[in-house]
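J.: According to TrEMBL, the protein has these features:
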DOMAIN    24-249  domain 'ABC transporter'
REGION    255-286  region 'Disordered'
TRANSMEM  312-331  transmembrane segment
TRANSMEM  343-365  transmembrane segment
TRANSMEM  386-414  transmembrane segment
TRANSMEM  420-442  transmembrane segment
TRANSMEM  454-473  transmembrane segment
TRANSMEM  526-547  transmembrane segment
Ligand SMILES: Nc1ncnc2c1ncn2[C@@H]1O[C@H](COP(=O)(O)OP(=O)(O)OP(=O)(O)O)[C@@H](O)[C@H]1O
């Protein structure tokens, strides 16, 4: 390995088997955030069989360097190339565990393997990868344990497994030992040593100096991403001009000291295979999508929904309560009343559509943003944003259908409508689905879950204002009138009211009493359905775009 032009001695005698192939080359890589330089131009190569530790004080730029190498952070300058070419050639284990608490260890690894499987791979190969990794990481016996119940060390090993099932040649790990006791840290480093000895290139950012002797190379970084030393572990103390390892961090925070030099001076003799750009930079290095990506994403979503019983109970439990509340605020049996029924019918339809939209948007608005880190990582290894959002939408469909069914069913059980009850339920379900697509867009565009939930009124209030029930569309200024055609609430009102037969029942009173244009509720059900489906599809497409754009490195 060589770093920043500092040659690294040939360590073939240390490794037992000499490094044979260069797996990753970074040339003049630098990272900036505004005016601040997070990583100074750094060049390095990583060969098969190498274990490299990147150490440095907090905020020195270790994570930024790793993310730049993994292709998940835009480079200010330089380039990164990997032997495999595709992003899948590099496995990146971030500092936070990107796991699904609802899954078992086996399921977590199985879905990760299915999403990372190369095109043309078969199911048997995927299973073989999972069992191999379980074996490798000593996770045997924990296959059926839920991720939520794992200890910190077990979670870290599972996180490593998520990347290892993709069989990357290069493994980058960001502080995998953070929060582990010294014994676990030691075992983790032994495991990384073994993974490197099996022929991978492993680069690990760490704060700990206890296991550095297991590494072939240590890269010591000062704040600003300045490489101060790169070489064998036993040369670092002398090169940095300190007494012992404990003082290394003092030297790295003190930027008046000169840069260290590695002992020796023979460049590593790694053979260079053909290297191609790594990471998703503009998509050039992305893997071909794994076959069967959508079924895997959908199955994972479905399992997570079903196992998160508490959230599911809250989502489903509130729907009939809202339906009952809507029914009891109206005079008993008023919808069938000859004189007042139709007027209350407009109100009832409006309440149903509002609640359906509310339920759909709320059910969806945290779905993407709360998994942003996982999605970012998986998009980097070739998962498609479209696959993600469609899987989310499909998994939400039964939930939202059940919610709106319970809502409309409870409301109409207490407040019988004179006609069209099954159609009304159907329209509420479609309204809820379209609203869920709106919520998914919001979730894909938001940066944090809080941002998503606090932005919900921005989606909901226009549904109320432009539905046509509160303010007659006919009385709006022309540009707003046109705008109502793109509002889900307007079509939902027309569809639900139409199913209740409000157009005929209100007759000439429609315009006089409600301000709605004659024929508003006479819309053909298929036209209203098509409009609602189109609005949902448009929001889903916007969501896919937002997800792709937000996660582009
Ligand atoms: N998106 C960003 N915008 C601006 N500054 C950033 C951004 N990300 C990181 N930084 C800054 O860059 C510097 C390096 O951060 P980085 O996370 O790479 O350090 P680190 O060595 O991994 O730290 P730690 O050991 O605490 O994890 C820090 O000063 C941090 O505040």
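In case you wondered, yes, glycine gets a Cβ from its N, Cα and C as well.
All TrEMBL annotations are machine predictions without curation.
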J.: Do any residues, 6 or more residues outside the transmembrane segment (526-547), come within under 8 Å Cβ-to-Cβ of it, and if so which ones?
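T.: For the transmembrane segment (526-547), the nonlocal Cβ contacts are 368, 375, 379, 385-386, 388-390, 393, 427, 430-431, 433-438, 440-441, 443-445, 485-488, 491-492, 494-495, 498.
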J.: Quick one: do the transmembrane segment (386-414) and the transmembrane segment (312-331) have at least 3 Cβ pairs under 8 Å, skipping pairs fewer than 6 apart in sequence?
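T.: Result for the transmembrane segment (386-414) with the transmembrane segment (312-331) is yes.
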J.: Hey, which of 312-331, 420-442, 454-473 has the most Cβ-Cβ pairs under 8 Å against the transmembrane segment (343-365)?
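T.: Against the transmembrane segment (343-365), the leading stretch is 420-442.
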J.: State the residues, same chain only, that lie 6 or more residues beyond the ends of the transmembrane segment (312-331) and have a CB under 8 A from a CB inside it; answer 'none' if no residue qualifies.
T.: 305-306, 340, 344, 347-348, 351-352, 355, 359, 363, 399, 402-415
J.: Return the average pLDDT for the domain 'ABC transporter' (24-249) as a whole number.
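T.: Average per-residue pLDDT within the domain 'ABC transporter' (24-249): 87.
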